[in-house]
Amino acid sequence: TAMDGYRGFLGLLVSALLVGFLSVIFTLIWVLHYRGGLGWDGTELEFNWHPVLMVTGFIFIQGIAIIVYRLPWTWKCSKFLMKSIHAGLNTVAAILVIISLVAVFENRNARNIPHLYSLHGWVGLTAVILYFLQLLLGFFIFLLPWAPLSLRAVFMPIHVYSGLLIFGTVIVTTLMGVTEKLFFVLKNPAYSTFPPEGVFTNTLGLLILVFGALIFWIVTRPQWKRPKEPNSTFLQTNGGTTEGVEGSMATNSGNNMDKSDSELNNEVAARKRNLALEEAGQRSTM
């Protein structure tokens, strides 16, 4: 049944939320205790917003957005509501990413440091561009009712794969950035001598890695997929083969798509009319 493994899912979900929350807390402790705090004056205090907002938005919030469809207690909610929550979480993450990029670029300009010369910068900028492209395409194709089902069916596996690819890339980029920062700032004592800041920040990196592993495990388990909506609409070609089905594409891609929102609204309205007719019939009989 759809609820098989519910306890296992709940345990993994709680573990993922706990590890993700600890990652954010560890990042705050790192910049507040070891790096001097937060500010917005072009100094290193402004740069410190970069890791805080990236870990909070690009990793923690994006991870939650990825698994929001897997929550069993939301399976009775309308698909449009879940789409809106998914898009909303990713939009919040995108806003935090923009602020973090402004912070790091202003800091680099104030200190006359070149931009984007490291592998961390290259991979990070690539991930940001892909993320915003993914967000825009997802908004126009899946959230708004304009796109035909055939287009949604074609784009669905690409959307799922690119989302996981971006999330994994963000984790790798963050680990590169943390290591790069420690090499720059830990001179005396050196990073290689296991100073407290190095050990603490390495632990932060492990927490981020574990969080990503838990999110990937939850989202790739077929038994925890959102069940397909009943009476899914199928688009048939002249030859009788399926051209585009939101419900069936979800089985292959890991993100179930229901029938269009207009069809759902019509179905709800029809049920309400039937209930009203039944109640009227019962009153007339009495």
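Placed from the backbone N, Cα and C atoms, the Cβ positions cover glycine too.
TrEMBL: automatically predicted annotations, no manual curation.
Listed in TrEMBL:
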- 12-32: transmembrane segment (TRANSMEM)
- 15-220: domain 'Cytochrome b561' (DOMAIN)
- 52-73: transmembrane segment (TRANSMEM)
- 85-105: transmembrane segment (TRANSMEM)
- 125-146: transmembrane segment (TRANSMEM)
- 158-179: transmembrane segment (TRANSMEM)
- 199-219: transmembrane segment (TRANSMEM)
- 229-264: region 'Disordered' (REGION)
- 230-240: compositional bias 'Polar residues' (COMPBIAS)
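The stretches the transmembrane segment (158-179) and the transmembrane segment (52-73) meet in space: the count of Cβ pairs below 8 angstroms, excluding pairs fewer than 6 apart in sequence, reaches at least three. Sequence-distant neighbours of the transmembrane segment (125-146) (same chain, 6+ residues past either end, Cβ-Cβ under 8 Å): 58, 83-84, 87, 90-91, 94, 97, 101, 116, 152, 155, 159, 162-163, 165-166, 169-170, 173, 257, 260-262. For the domain 'Cytochrome b561' (15-220), the predicted model reports an average pLDDT of 96. Non-local neighbours of the transmembrane segment (52-73) in the same chain are 2-3, 6, 9, 13, 16-17, 20-21, 23-24, 27-28, 31, 38, 82, 85-86, 89-90, 92-97, 99-100, 103, 127, 131, 163-164, 167, 170-171, 174, 177, 208, 211-212, 215, 218-219, 224-226, 255-256; each lies 6+ residues outside the stretch with a CB under 8 Å from one of its CB atoms.
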